[in-house]
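Enquirer: Per Swiss-Prot, ubiquitin cross-link is recorded for Met1, and the stated evidence type is experimental evidence. As annotated by Swiss-Prot, domain 'Protein kinase' applies to 20-316, with the evidence given as sequence analysis. For Leu26, Gly27, Cys28, Gly29, Gly30, Asn31, Gly32, Leu33, Val34, Lys49, the entry in Swiss-Prot reads ATP binding site. The phosphoserine annotation in Swiss-Prot covers Ser189, Ser386, Ser452, Ser556, Ser558, Ser665, Ser684. Annotation comment: Swiss-Prot describes 701-721 as region 'Disordered'.
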Amino acid sequence: MAEKFESLMNIHGFDLGSRYMDLKPLGCGGNGLVFSAVDNDCDKRVAIKKIVLTDPQSVKHALREIKIIRRLDHDNIVKVFEILGPSGSQLTDDVGSLTELNSVYIVQEYMETDLANVLEQGPLLEEHARLFMYQLLRGLKYIHSANVLHRDLKPANLFINTEDLVLKIGDFGLARIMDPHYSHKGHLSEGLVTKWYRSPRLLLSPNNYTKAIDMWAAGCIFAEMLTGKTLFAGAHELEQMQLILESIPVVHEEDRQELLSVIPVYIRNDMTEPHKPLTQLLPGISREALDFLEQILTFSPMDRLTAEEALSHPYMSIYSFPMDEPISSHPFHIEDEVDDILLMDETHSHIYNWERYHDCQFSEHDWPVHNNFDIDEVQLDPRALSDVTDEEEVQVDPRKYLDGDREKYLEDPAFDTNYSTEPCWQYSDHHENKYCDLECSHTCNYKTRSSSYLDNLVWRESEVNHYYEPKLIIDLSNWKEQSKEKSDKKGKSKCERNGLVKAQIALEEASQQLAGKEREKNQGFDFDSFIAGTIQLSSQHEPTDVVDKLNDLNSSVSQLELKSLISKSVSQEKQEKGMANLAQLEALYQSSWDSQFVSGGEDCFFINQFCEVRKDEQVEKENTYTSYLDKFFSRKEDTEMLETEPVEDGKLGERGHEEGFLNNSGEFLFNKQLESIGIPQFHSPVGSPLKSIQATLTPSAMKSSPQIPHQTYSSILKHLN
C-alpha cells in the first residue's frame, strides 16, 4: 500500500502527507486533476482536486473557484470540506497567501459515479430522467440566485449516487461571478462551455452571455438522458450552429438578421419551421416532456425558461415544491469580482477610492429595477448603458448598505465586538473534523462562526442554517430494496463506523492475493508462455565460454565415432573365430530349439529370462541418467573401459557368461543363435526362409550406437562346450 501511494505521489505530484491513503485517479476537472482517497482522520472516502498555480491567471481562476465553492451550500451541489496547501498544510484566511503557493488541494464530497458513465449504458427511463432534471434545475436555481454562472455543465460534471438517486453539480473550475446589475459585455471569457452544450448566443457572441447559457446546457443534457446520445454533436462551431438551426426555430427577426450577417449561407427567409424539429430527434417521448424541452431550447435567451420557471412547469409538478427549493441568502456582487482584480494587480488599489454617482443623468425609467428594492433606494449605475466598460469605471453596488448591515462587510473581523473568534464547542471531547457535521449529530463548526475564507466578510448571524431537503418520494421499484437495506447504516454516525473503509480495503487486498495464489496453483502448462520463452532464449547471444565447451563436446563425439569403427573391425575378427567354434558344436544339440533352456553343467539359465533381465537392467540404467550429456559421458566411460581390457579367450568366455546373447546396446543377435542351436533345414539352400532370416539379422544389418563396440558370442559357445 505504501509503495502504491508513493508511486502515485511521484507520478501525479500529489503531496498530501500521510493523512490520506488509497489514492485512486478519477479524472480531470476544469483546471485540475482529481483523485479519490481515504482520510485517516475520519475514515471517510473523499475526492481531492489538485490545482496547480503556475502563473497569475491560474491563481486568479483558483481564487475564483475557491471563493465560489466555499460559499455555496446546497443539497444538489457537491460539498467542499477543506482547502489544503502542499503537504496537507492548513491555509490561512489571508488572500495574499494563495499567491505564494505552487498548488492547492480542494477536499470535497466523494460521489459514486457521474451522469456520463451512466449514459454510456444507454438512455434512461423518462421517470429517471425527469427526477435527475428536477435536481439539476433545483441546484441551478440556487447557483443562479448566488449570481454565479457554472459555464461548464455537461454529463461528466453531474455526479450521482446510485443508491439513492441523488444528483449533484460539481467542478466549478470555470464558474464565475456575474452581478446582474452590471454590464459584463467584453469582460467575459470565450469558449469555456463544451462545444456540444453551447447555446446559439454563445456561438454568435462568445464574450457576451448570461445565465441562460446554463439553461441551454441543461436542456441538452435532458435530451441526452432521454435518447442516450448527444443532441447536437457538431465537429466545429459552424457545424454546431448548423445542427441547431436545423432543429430550433428562429422566431425573432433581429436574430435572423444577426445570423444573416454572420453565416448567410444557412439562413432562409422563413426559419420558424425547422427541417428536423425536436419531435423527430426525440421520438417516443411524452407530449409534456417535449413541450418542456421546447421552452428551454429556444434560440433567443430572452424566450428561454429560467431555472425557477422551469421548476414551475407542469412537467415538473410531481416534484416541484417552492418551499423546498431554496435560494442563496448571501449572493455574490460586483465587489467580489473586483477582489480578484485587486489580487492580481496591486496597481489597481485606487479602485477602493471609487465614489458614488450622486447625480445621475439618466432617468429612473431607463434602468431595470430589482424587485426586492424600492426604486428610490437602488443606486443606478450609469455604466450599465454605456459602451465604455473599463474596469476603473466600475461602480460599487451600494445595495449592500441599504439594510444597515454594515458590520457584515467589515474587512477586519476584530471590528465586530459581538463576534468571538474562539471556537465554541458543544462538548469538551469534541473533535474538529470537517466532515462529521454532515453525518454526526453534533456540528464540527465548519462554515459556522468563522470568517469567509477569501473575501474577509463576517456574517452577522452566529450560525448558518444548513438547509436539508426531505427525501424525494418516487415509486422506483429498482431502488426500494436497496434503500431499505441501507436505512440501518444511515442511522449510525460516521464516528461509530470508524475503521469500516480501512477494513474493507484490507479485505479486498487479501481476496486479490488469495485469488492470485489460486491461479498460480491451478495453472497448467501454458503453451504460449513456453513458445515465448523459447523464442526469447533462442534470440539471446550465447557467451563465448559456452560456445567453446560445445566445440570441445563435438570434437569428443568425432573421436568416439573413429574409435567405434576400430572396435567394429575387432569385433568382426572375433566373430569369425566364433563361427569356427560353432562348426564343432553342430551335433551336440539336435533339438535345442524345442527346449526352453540350454544346459551347461551347474551353470544353466533360461535364454528368454536372461534377455528380459538384461533389458530391464539396461532400462534401469538409462533411467538413472538426468540428462542427455550424463548418458553420453557414461557410454564414453564404458567404451574406454572395454578398450583397456585385453581381449583373451579365457576372459572372453567369462564375459560371455555374464552378458549372454546380448551386445552392449541390449540387442539379441538372432543369427548367431540360429546357428548355435542347430535348427533343422538351417543349412538348406540359400533361398530357404531361414537363410533369408539370417541375412536380415546379420551384424551389419543390426545397427547400434557408434559409441559402443559390438560383441560376439564366442565366449558363450565356449561356456556351453
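Note that Cβ sites are derived from N, Cα and C of the backbone, with glycine treated the same way.
Describe the structural context of each listed feature in the structure shown, including burial, neighbouring residues and relevant distances.
Expert: The average pLDDT computed for the domain 'Protein kinase' (20-316) is 88.
Remark: Gly32 (ATP binding site) has Lys49, Lys50, Ile51, Val52, Ile106, Gly173 as non-local neighbours, by Cβ distance under 8 Å and separation of at least 6 in sequence. Secondary structure at Gly32 (ATP binding site), as computed by DSSP, is coil.
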Enquirer: Specify the count of other C-beta atoms within 10 Å of the C-beta of Leu26 (ATP binding site).
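Expert: That number is 16.
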Enquirer: Which one of these binding-site residues, Cys28, Val34, has the sparsest Cβ neighbourhood, judged by other Cβ atoms within 10 angstroms?
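Expert: Across Cys28, Val34, these binding-site residues, the one with fewest Cβ atoms within 10 Å is Cys28.
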